[in-house]
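Here the structure comes first, spelled out in structure tokens, and everything after it is commentary.
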Amino acid sequence: MLLHLLALYATFQGCYSDVNPLTAAKTPTHCNPSSTILFRVTGNIYPDGYHYLKVDLGDPPIPYLFDFDTGSHFTWIQCDAPCQKCLPAPNPPYIPVSRKLVGCRHPICDEIRYPKDHVCESPNEPCTYYIRYADGGSSLGVVINDPFPLTYTNGTLIKPEISFGCGYHQKHPDPANRPHVDGILGLGSGKESILSQLRELGLVKSVVGHCFSKQGDGYLFLGDEFVPSRAVWTPIITTNEFARRYFLGVAELYVGLYTTGIRNLRVVFDNAATHTYFASEAYATLVSTITKDIKEKKLEEVNDDDLPLCWKGPQPFESIEDVIHKFRPISLSFLENPQYTLFEMYPEAYLIVKHGIVCLGILDSVLLQAPTVTLIGAISFQDKLIIYDNENQKIGWTTANCNDPPQSQCHSILKN
């Protein structure tokens with residue numbers, strides 16, 4: 001560890017940052033900046049199991065690939081600091097441009113300092129972070145303050161200096177099957193998230209929206225330009241347990257038009273989860289209901305290496321359209337919303353067709369070591385625009401064509 005710290009100091013040459021200055025190179029346009037940043041999203045639920053976007057970082061710029069996560073806050077990238085252990089990735093480790101370390105006493109470090117109880121002995125001591133994810137992956141590194149180029153939808157290029165992780169030691173229990181990306185973009189509402197930092201700089205509103213097509217790919221935006229006038233909304237509920245999550249409160253579970261009698265589902269939205277996870281009691285009830293539903297529909301239960309509940313038909317299924325008529329919609333009714341807001345999941349938002357069989361893409365949340373939590377993942381967000389509005393503390397959704405990104409009021413420049 002001591003040898004690595006010495007190398008780290010040599011890499012960053014003792015530069016520290018306590019501020020986030022903004023520089024901008026402007027492209028001439030015929031209207032004011034829209035303060036919204038639009039990204040093209042690549043990926044799918046099956047077979048890849050994740051979505052990613054590109055950000056051009058470095059000098060010269062390299063299109064680094066980021067998995068993005070509304071369930072976490074901190075952004076990091078594999079980094080040449082130097083790198084002790086970097087996992088296979090699309091690009092070489094990132095070389096910081098400004099070489100500014102964030103100090104241990106910086107306010108952002110308070111949110112992510114590792115170890116948490118570490119006492120900073122000097123303001124020049126670098127801020128060390130460690131983050132671990134539900135799939136067992138982790139990143140260890142230092143926090144840097146570096147240009148993070150982004151383009152508004154009207155073509156204005158901005159280069160805010162953002163605090164993010166320079167990860168020099170990454171681990172994953174299954175490196176060959178992890179998302180093939182260079183880092184993770186944390187889109188939670190925490191102070192350390194890129195969304196909060198951009199808002200603090202006055203560059204965007206604290207709003208993020210994503211739209212995943214069931215055919216694959218989609219788009220994501222930061223800012224409020226593309227918030228639809230018609231959407232279903234429910235409040236973000238703040239509790240001690242879910243203080244830093246997108247928690248929608250308690251919901252009742254319906255299958256088709258009928259309640260299952262389960263009224264205590266505590267629901268969290270998290271796009272980085274490929275599948276949806278129901279609290280154990282609700283999962284058992286759902287499986288029992290579906291099993292009864294399909295008893296007369298010529299489906300036979302079969303084993304699969306990855307998903308616990310699958311069926312085959314008289315003929316192999318070629319697409320989800322071959323089988324959706326055999327299943328009913330699933331709905332969540334949010335009881336704390338006076339309008340009893342419904343989040344509907346049609347069969348294509350909870351089933352996966354693979355190798356000629358169909359599988360249930362809803363799992364037991366005991367697998368997340370959280371048996372009383374219901375986590376809605378990317379599979380159930382397909383063909384919906386999901387909006388996380390931290391400005392007004394609410395989450396909304398509406399049916400959308402996720403193959404076609406929205407057009408800006410100015411000329412649209414889509415990040416590729």
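The backbone N, Cα and C atoms fix where each Cβ goes, and this holds for glycine too.
Fair warning: this is a prediction, and the values are worked out from it, not measured in the lab.
Quick look at what TrEMBL lists:
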type	residues	note
SIGNAL	1-17	signal peptide
DOMAIN	51-398	domain 'Peptidase A1'
ACT_SITE	ASP69	active site
ACT_SITE	ASP270	active site
- prompt: Quick one: mean pLDDT on the domain 'Peptidase A1' (51-398)?
  reply: 95
- prompt: What is the total of other Cβ atoms whose distance to the Cβ of ASP270 (active site) is within 10 Å?
  reply: 21
Field: ASP69 (active site) - helix vs strand vs coil (DSSP)
entry: strand
